[in-house]
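Q: Quick one: the structure is below, and I'll ask about it shortly.
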Protein chains: 4
Amino acid sequence: MEKKPVKIVTIGGGSSYTPELMEGFIKRYDELPIREIWLVDIEDGKEKLEIVGAMAQRMWDASPYDVKVHLTLNRREALKDADFVTTQFRVGLLNARIKDERIPLSYGMLGQETNGAGGMFKALRTIPVILDIVEDMKELCPDAWLINFTNPSGMVTEAVMRYGKWDKVIGLCNVPVGAMMKEPQMIHKTLDELTYKFAGLNHFHWHKVFDNATGNDITQKIIDAIYDPDVDDGTPKNIFNVKFFKEQLDQMQMIPCGYHRYYYRQEEMLKHSLEEYHDVNVGTRGQQVKKTEAELFELYKDPNLNYKPEQLTKRGGTHYSDAACETIASIYANKNTHIVVSTRNNGAVPDLPADCTVEVSSFIGATGARAIAFGPLHPAQRGWLQCMKNMELCVEEAAVTGDYNLLLQAFTLNPQVMSGTTGKRIMDELLIAHKKYLPQFADKIAELEAEGITIKDDIARELTEQGL
Amino acid sequence: MEKKPVKIVTIGGGSSYTPELMEGFIKRYDELPIREIWLVDIEDGKEKLEIVGAMAQRMWDASPYDVKVHLTLNRREALKDADFVTTQFRVGLLNARIKDERIPLSYGMLGQETNGAGGMFKALRTIPVILDIVEDMKELCPDAWLINFTNPSGMVTEAVMRYGKWDKVIGLCNVPVGAMMKEPQMIHKTLDELTYKFAGLNHFHWHKVFDNATGNDITQKIIDAIYDPDVDDGTPKNIFNVKFFKEQLDQMQMIPCGYHRYYYRQEEMLKHSLEEYHDVNVGTRGQQVKKTEAELFELYKDPNLNYKPEQLTKRGGTHYSDAACETIASIYANKNTHIVVSTRNNGAVPDLPADCTVEVSSFIGATGARAIAFGPLHPAQRGWLQCMKNMELCVEEAAVTGDYNLLLQAFTLNPQVMSGTTGKRIMDELLIAHKKYLPQFADKIAELEAEGITIKDDIARELTEQGL
Amino acid sequence: MEKKPVKIVTIGGGSSYTPELMEGFIKRYDELPIREIWLVDIEDGKEKLEIVGAMAQRMWDASPYDVKVHLTLNRREALKDADFVTTQFRVGLLNARIKDERIPLSYGMLGQETNGAGGMFKALRTIPVILDIVEDMKELCPDAWLINFTNPSGMVTEAVMRYGKWDKVIGLCNVPVGAMMKEPQMIHKTLDELTYKFAGLNHFHWHKVFDNATGNDITQKIIDAIYDPDVDDGTPKNIFNVKFFKEQLDQMQMIPCGYHRYYYRQEEMLKHSLEEYHDVNVGTRGQQVKKTEAELFELYKDPNLNYKPEQLTKRGGTHYSDAACETIASIYANKNTHIVVSTRNNGAVPDLPADCTVEVSSFIGATGARAIAFGPLHPAQRGWLQCMKNMELCVEEAAVTGDYNLLLQAFTLNPQVMSGTTGKRIMDELLIAHKKYLPQFADKIAELEAEGITIKDDIARELTEQGL
Amino acid sequence: MEKKPVKIVTIGGGSSYTPELMEGFIKRYDELPIREIWLVDIEDGKEKLEIVGAMAQRMWDASPYDVKVHLTLNRREALKDADFVTTQFRVGLLNARIKDERIPLSYGMLGQETNGAGGMFKALRTIPVILDIVEDMKELCPDAWLINFTNPSGMVTEAVMRYGKWDKVIGLCNVPVGAMMKEPQMIHKTLDELTYKFAGLNHFHWHKVFDNATGNDITQKIIDAIYDPDVDDGTPKNIFNVKFFKEQLDQMQMIPCGYHRYYYRQEEMLKHSLEEYHDVNVGTRGQQVKKTEAELFELYKDPNLNYKPEQLTKRGGTHYSDAACETIASIYANKNTHIVVSTRNNGAVPDLPADCTVEVSSFIGATGARAIAFGPLHPAQRGWLQCMKNMELCVEEAAVTGDYNLLLQAFTLNPQVMSGTTGKRIMDELLIAHKKYLPQFADKIAELEAEGITIKDDIARELTEQGL
């Protein structure tokens, strides 16, 4: 069987991650021959697109392969006959993230842009856009795969399946990659000596580890190593490095993901976030990333730079693009690679409905992700899991319907938000702050504005006033 | 069919509620002929038992019925050939409740004695005792019904079924009774013009209301009435009367129970509880109840008092005893009365395992509770429900096994506890404070004491030091 | 609350059962005051409608109540402002039943008109008609209750809910009534001394029996009585009276319904049906009923007859109408009567999907049926139950879509049909035989006719040729 | 990581399949280095063990590898420190199979030795023995894998997990291998151009086929090819080659396994089996296999034969041993090979309980089988699947408890048995015929014998009388 070289389309192509993506494709060219790459962005992102697009072309020119990188603001032109569409766009750019984080923190609550208050609003902004993209794909590239790494990756992927009725979608996450890179060395093993089993939701999964020599569960060994003071436990860069209580891990015989800190060590995570928020020299994670990004784009402008610079690693979210490239190569070449992705449950996590989206160990091949049945969880994890999945379902439904009341329900259900007047106020301010990207809530936002609700946080308010 | 008069045994017979229970039995004597009543208590409760026992006998003597009230500290003697055993005991008495409330509040967190931190510890203290009672019942009255109204009623009832393997148990709650007494009049109806459908867990249920004239759902009418400023919404006395956000109720098309305030308006409930905690003239709910109880027992001493005094109503928890009497009468006379009780799910709430305990609308008759199938809940409620049930399952398992790590998991999962150092500290102090009643955790408590952990709250510490 | 007298509409009013229905209403007039009764039938049933309608009016005239019985062929006129609509029509009349039975038997297989080959075809004929009725009801009496006792009652009821999106429907069955009338006396009890718990599907349910004196399960006593040679075991008249193997009942600790004989004693039921089929003096059940009906209508013509004649009891299916009247009275007067009905599962039988229809013990009141949660079944029953429910779902879907392939799947799955060439042939002949009532299969039937498929059984073929 | 060479133990080592097993190991020696092989058998199989053991050693001697084949009747000696234990034994040898087939056929019913009446009895004989083996393994080789290809492979594997509490077990089946070898060429593809997805139970699974070039479902293309008269459809040798009705396959969009013929074309399968049964020159499948086996052992005696002879392929069941070798190599070398095996469901087939055993597409690696989540099935398949799984659960429970009543329930539920007097008689005769291997039913069998029940089929009766 000879397969033809592929056309790749990247929505949000002006992202600072694009060089990593290019590096990943160049590295895998032998198993994933590429015909053409289209980087798509919107008018507001045109300058970045041109900088990073030129850089991307330089990277290919420095490689042995003859690949043309097309830059366009015309999404439909790009999508025509695409084989793989990757989505890494950020509706409202980093300014939206800064608001997502600062508005809750201005009231002493976590904003957390993936599954906290911020993440819920990121879903509200993103889901209508991705559903539009899916409608274009149905018309222009009905056989293409959608590889999503726009966060919150789980909710966005689920919305594509549930509301977009598009099954050829895989949601990616870099967090499992990080765990699998760091943990084996903690116990003096290599990754290929171990078997990893992940189950849960995006940014909310747990894993177990097995020794390939015996087939036995050795998760406890990893847990013990995590609490050995000399060992680096591989926490992603963008999460404050407080440790879980060992007692919890000993009980669960599983290892939570880094984002579980927001749930298992909420007090410390909040304290740390507030410290950063109140320190004008630091700022929230979004503000930090904004600086890093500006530096990156300065680097990318260098006409001699034709490889991914070291500094990108600081950005956080590294491995996302590599996971994307590996996923695409695994589909194309039917590699059956083990990758942890967001995909339809189909029973893999029997504690959740079969038709929802989960993030689980999967084998990725020609037919996409084949989720591995993990089996039931202990009530101590099941409670969290079911709580969060239902919260996600509410957010997705609210994103599609613009139902304010349902959004309030989701906010109340989300364990990162303390329910009450302040939580509701945070939600209202976020609605106002993101008005530009939330047409589905237009009427309610107008009502809130008429009630005189204003944004308390200065930076968030000013960004909003400037239409950013 | 002629049924013989029954023998009733009340464990915790020295409770201030006992007169209400007597009143309930006297009122129903025609359908529930009683042979003898045994009030059982422990050495520490002997004085109260004698006071309330004498009062109970006076009530019967003032009635047309010839019923003997036996008082004993010998539980096994009492249980012999019992037909119905009611449990209303409180392990550690109100002092334990005061600790349950004050220790969390001393760190700025809710203690809440039914499904918060306090409730979890109440379960830890109560479950071993109720399982002992069940063992006695297996031997001494294997055909008897256990009617539990010791809180947390849902967890205690589940432990009886799951770990005690005793199926003839019904857990009671007074909250639904309150709703059904107050709401109809809000919309100018009587209860018999309406049909109520409850589903959820003890102190964590929702209900829908239907108009018997049309069979149609009129929950929205009740919701609207709740927000009509002139209408009394029937909140139980022991819950601070903040209203739910109407937006949430409009979305759910159900009415939460009063205790949902701790989850839907956590901020306000916490603020209110802290105010009471810090006000030496008020104190926590347990402290208030302790005063009320002392007053009640003064009243009970009056050799002329032979009816339930008005003041008992202030106690909170009123209707519990009436619900118990009605349940017993419904079983005895196969009345098929609609009562909301904790019983085996059996699918009534299909979002939860069939073998767990739920609190749902049931018809109570000769075979006990027949739970009515409610059907699936919307994700916005399902998320909460599944979270709480799993928390309960962890607490019950920890109560039986004494597993500290699992208890920490339950604490972390409980939405009333913010996870982190402080939450864990609260748990550790509670373990130390309740050491006397937590033999299953003895080793761990010794360890905590050895680490020098002491109780921060003065009142709780002093009670503990006094062995109370 | 004063409720206004009701308007009852009976579709298939010309049925021989109508006098029983009238008797039931007359008996309950005090709790169910009737304003008017409309008997509706089709052109082909006009003569019967007039006979039975006159008889019905005579029955009311002989009662103390002033109720007018309207006869009409205009369904829409009748439905206008109805409070209760009962459906007891038979698409294709008894001739259709005769074909349903004879065509399978002509090849040595069971036809069984409720859940065998015949029953599947009865569903195919009935479902489109009942869905039409529902559409009329949405327009003409949107608050009315549909009380269905057209067989196969479970499938028809489910189609109303699932495809008609009409929730105010209750499906009736007379079989449980029969069991509850006969069994208590077998153990020298009265019905009110026992509690019955039924679960399963229409004509495919099991029950357990409890003693109200103790609350304990005494099913084994009933089982033992069934095998006591001197005791009448209460089998409905229309099922050949072979006993179940006692070993099976001893294992299940439940009592199957009479129709289970077709599954648990298939060999004997087939043998008996073939004997009747081959005996020209007997004929299939449909032929026997046809004779009984003719005799009944002769009786009904008697202008002096103003009460339900004894002979109707021979008809089989007795109690259906009484169950219907009791159901209607229970809704109207919110009686919360225990009746076994087909209703939405909602988890009552957790081994089946929550959204399907089951036949279970329910309390019937103002909001309709409130199914009682039965809990999981042992695999030995669960296997049958799940097999049959899935068969039903396939039949219903085929009835709506006219999907021949899916119908073949249903036929294959149905345990009363042996799969293979003959089973398929039987299905094809039945399609041809019922062509007049199966417009959804018109194209496929034309194809089958073009292939030269003819009906082997003489009587069935002749009826078809005569357009009956 | 260097893994040490493995010790393989084969229970039932005297089987005619052993040479295929040896061939498979020799072929894979590079990835699966073998230290020693132990062939274990019982006294009755000693002669065969010696013949086939000598042959096995010759095969290794002819290979480049130095492997010693140990022969023993001492199972415990062999199991000591084993790495992999394969089970291919047949309790009662082929004579038991002949009885399994002939006794039902003597009454005109199917015996079918895998999931019919015969298969149920094979499970009853095998489960106690495999549970004994598991007990030995717990003591002698607690880290070993049990690779079972003793039929009924699904039930035996489930019993090992459920009753033996042994998780390191994989059940094998050769049927999926056959489909994957034959089908691709029907549509002019190679297997590596396609992705197969199997789900169901042992000898009762369905599969879907996808094109790796597009990721799309092309099952319909295979279905169409099956009905192209010139194409070989890959039916296993031991199933009469009647085709499924294309209408059913078109509807299900899946391909059933060959054994589904016993359910989808029962009439034809029965007719064919009866023809063979009545033809003294042919006999049932067991009789045919007995002849083939005798021929094979004559061949194996040839001291010059040192390779697997062609004739073994005729035996049926070919590929089993190859699947076993591939499974072992995949575990040892962590190959993550796609193999269809019986393993714990864990949600892979969400229509069945998570804790039961299913046969599904799995990736086999160091931790054993990782089942791939297949998702829900359409009711037309779900009905069969649930019926069969529940039947299996009853058989397994009866095998462990010796509960005759439950066995009768399983017999009644099994769609290959027509319920009634004859079905029960068949069961009783089978119990008597296999008395020697059914100690758990000893009392009941004595009762049946006392009732004078004798075996009708001459051959089966004579075998029994001879103690065979």
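The backbone N, Cα and C atoms fix where each Cβ goes, and this holds for glycine too.
OK, TrEMBL features for this one:
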{"type": "BINDING", "residues": "D:Arg97, D:Asn151", "note": "substrate binding site"}
{"type": "BINDING", "residues": "D:Cys173, D:His203", "note": "Mn(2+) binding site"}
{"type": "DOMAIN", "residues": "D:198-417", "note": "domain 'Glycosyl hydrolase family 4 C-terminal'"}
{"type": "SITE", "residues": "D:Glu113", "note": "site 'Increases basicity of active site Tyr'"}
Q: With every protein chain in view, how many other Cβ atoms are within 10 Å of the Cβ of D:Cys173 (Mn(2+) binding site)?
A: 30
Q: Please report how many Å separate the Cα atom of D:Asn151 (substrate binding site) from that of D:Glu113 (site 'Increases basicity of active site Tyr'), as a whole number.
A: 8
Q: List the same-chain residues at least 6 positions away in sequence whose Cβ sits under 8 Å from the Cβ of D:His203 (Mn(2+) binding site), in sequence order, or say none.
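A: D:Thr114, D:Asn115, D:Gly119, D:Asn151, D:Pro152, D:Ser153, D:Gly154, D:Cys173, D:Val175, D:Cys257, D:Tyr259 - these are the non-local Cβ neighbours of D:His203 (Mn(2+) binding site), listed in sequence order.
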Q: If you average the pLDDT over the domain 'Glycosyl hydrolase family 4 C-terminal' (D:198-417), what number do you get?
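A: Its mean pLDDT is 93.
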Q: Can you give me the Cα-Cα distance between D:Arg97 (substrate binding site) and D:Glu113 (site 'Increases basicity of active site Tyr') in Å, rounded to a whole number?
A: 7
Q: Counting across all protein chains shown, how many other Cβ atoms sit within 10 Å of the Cβ of D:Arg97 (substrate binding site)?
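A: So the Cβ neighbour count for D:Arg97 (substrate binding site) comes to 23.
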Q: Around the Cβ of D:Asn151 (substrate binding site), how many other Cβ atoms lie within 10 Å? Please give the count over every shown protein chain.
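A: Excluding its own Cβ, D:Asn151 (substrate binding site) sees 26 Cβ atoms within 10 Å.
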Q: In which DSSP state, out of helix, strand and coil, do we find D:Arg97 (substrate binding site)?
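A: Going by the DSSP assignment, D:Arg97 (substrate binding site) falls within a helical segment, counted as helix.
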Q: Residues with Cβ closer than 8 Å to the Cβ of D:Glu113 (site 'Increases basicity of active site Tyr'), same chain and 6+ apart in sequence?
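A: Counting only residues 6 or more apart in sequence, the Cβ neighbours of D:Glu113 (site 'Increases basicity of active site Tyr') under 8 Å are D:Arg97, D:Asp100, D:Glu101, D:Gly119, D:Lys122, D:Asn151, D:Arg285, D:Gly286.
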